[in-house]
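Over in TrEMBL, the protein carries these features:
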{"type": "COILED", "residues": "442-469", "note": "coiled coil"}
{"type": "TRANSMEM", "residues": "166-185", "note": "transmembrane segment"}
{"type": "TRANSMEM", "residues": "227-248", "note": "transmembrane segment"}
{"type": "TRANSMEM", "residues": "294-316", "note": "transmembrane segment"}
{"type": "TRANSMEM", "residues": "328-349", "note": "transmembrane segment"}
{"type": "TRANSMEM", "residues": "389-405", "note": "transmembrane segment"}
{"type": "TRANSMEM", "residues": "411-432", "note": "transmembrane segment"}
Amino acid sequence: MRRLVLSAATAKAPEAGDNLWRPLVHTMPVLGSKELLRRAAGSLLFMLVARLGTFIPIPNVDLSALPDMQPWRNMNDMFSRSAGLPANLFELGVGPLINASWTLSGLTLIEQCGGRLHIKELMQGGWEGQSTLELYVKYMTVGYAALYGAQRAMTLVQAAIVPANFVWNTMWTLAAGAMVLSFIADHTEKWALGDGTSLLIASSIMSSHTQQLQGAVRVIEAAGPLAWWRVLTAVAGIVALVFAAAFLTHVERRHPLVYYKSRRFQVGAPGVGPGEGASSYLPMRIMPSGMQPLLMGSFAFHLLPSAVGMISPALASALVARAMSPAAMPWTFSGFVLLTEGLGVVASAPKLAHETAEWMTAVEAGIKGLSPGAETEAFLLQQQRLTRFWGCLAIAALAAASHLLDSACQSLLGAPLGCQSILLLAGFLLSVERQVLSLLQKQKLERMLNQAAKQLQEDTQRRQSLAEKRRSAQHVQISADSFRSVGPPIEINMLALPSPQRNCGGWAVRCEQPSDNHMHR
């Protein structure tokens, strides 16, 4: 009982702020997750830093004397070199980081590469190997940033205020800006929402797309009033494109699983089927990366003329004239996205199937009708390739649809609306949605655990109170039994005596212990 009183006395009374906050949390569960709010604030902070850096000019550059850099500016606007000053601190964007990641991944596909096996060992080395790989990526990022910074500095020499050491200083200034963005991308997973690279690119696309929409509005206003059905058709097409992207992102195939409980099966033993156990399913999404293949395909597609131009400028000009013309762009771009994503699936599917089969063996799970080991791995590889094949077709169809819808908007409204940028932003929001739902689920589980712990504490206190009451009752019973069990019985004789002998109201009490002969009398 004393423990109950102390617990009630030390309980914290609800504050007035809690009473005001709880209805808001009940209405908007997002407000109840401190980690989600912290990550949302971190995302806004990182996006703000990335945006402000585009308005910091490169030192020693006369912005008014800059030559026409329209091809570079287009690259800026699309791939996180967002619309800001013509020569800004973050002009290189996350291009060096992406190229470093691609280079490291490409080394694993080259059989003649000496470090191929070393990189694969690091990929399978857990946290320690992952840390080493991240260090390699940082070193490569510095190298690519210095290379691109030197290339950009050479194009800005004509606008230099003081030409002495201009290329050297500008190169490392741009490299420093690229490393700041790389730092943000590396710490996004811990402090913000979404993927680091996707967050920076989404921030850039958002700012550049806003300017594109403003330009489209000015063109439409200058052309005069439009019929309402034209605007409605364009908006309906964009909404349908976004809904199609959201639907395809969540499409998955489910393979039933059976967990072995009663016995263990030898891995790879032929003819062994799953026994009775708890059933669940193994999901395989057709687009597990969302819109990221479209983003990376766009990045590579627009860098292709520059790469070809280093070998043959005439071939690069012909490529831009034919493959990147407005009429051919939907088909060439979607075909390029299909090709790059297909190559990625072919390279990654065996590893993913092997890891999934190992996980199923570790948890003693199997697919109904298949034996664990090689047979299960072969089945998973086949299903993985088939599922991702449909995903490649889906992402290529979305890429073509975005360009066709832009052409339709050009015909209906007089200006394109940047449907590909809208599609990329929708993909980023869908990826953030999955993370938000997981954080809310974590909050829900924590609340359930707290309620269970509170109920367990109350049950424990109730049991302790009942135990104390039982101990008290047993103590009283033991005391009464001890009086009855000590020594022989005592006879009490009530004698009538004269009152002068003993002033007991006419009665006297004589207690005597009878002898053994009178014990049963």
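Going from the start of the chain as shown, residues are counted 1 onward.
Placed from the backbone N, Cα and C atoms, the Cβ positions cover glycine too.
Here the transmembrane segment (389-405) has long-range neighbours at 237-238, 241, 244-245, 248, 251, 285-288, 291, 293-294, 297, 329-331, 333-335, 337-338, 341-342, 345, 419-420, 422-423, meaning same-chain residues at least 6 beyond its ends whose C-beta is under 8 angstroms from one of its own.
Ranked by number of Cβ pairs under 8 Å to the transmembrane segment (328-349), the listed stretches 227-248, 294-316, 411-432 are led by 294-316.
Within the chain carrying the transmembrane segment (227-248), a Cβ under 8 angstroms from the stretch's Cβ atoms is held by residues 286-287, 291, 391, 394, 398, 401-402, 405, 408-409, 412-413, 417, 419, 422-423, 426-427, 430, all 6 or more beyond its ends. Mean model confidence for the coiled coil (442-469) is a pLDDT of 81.
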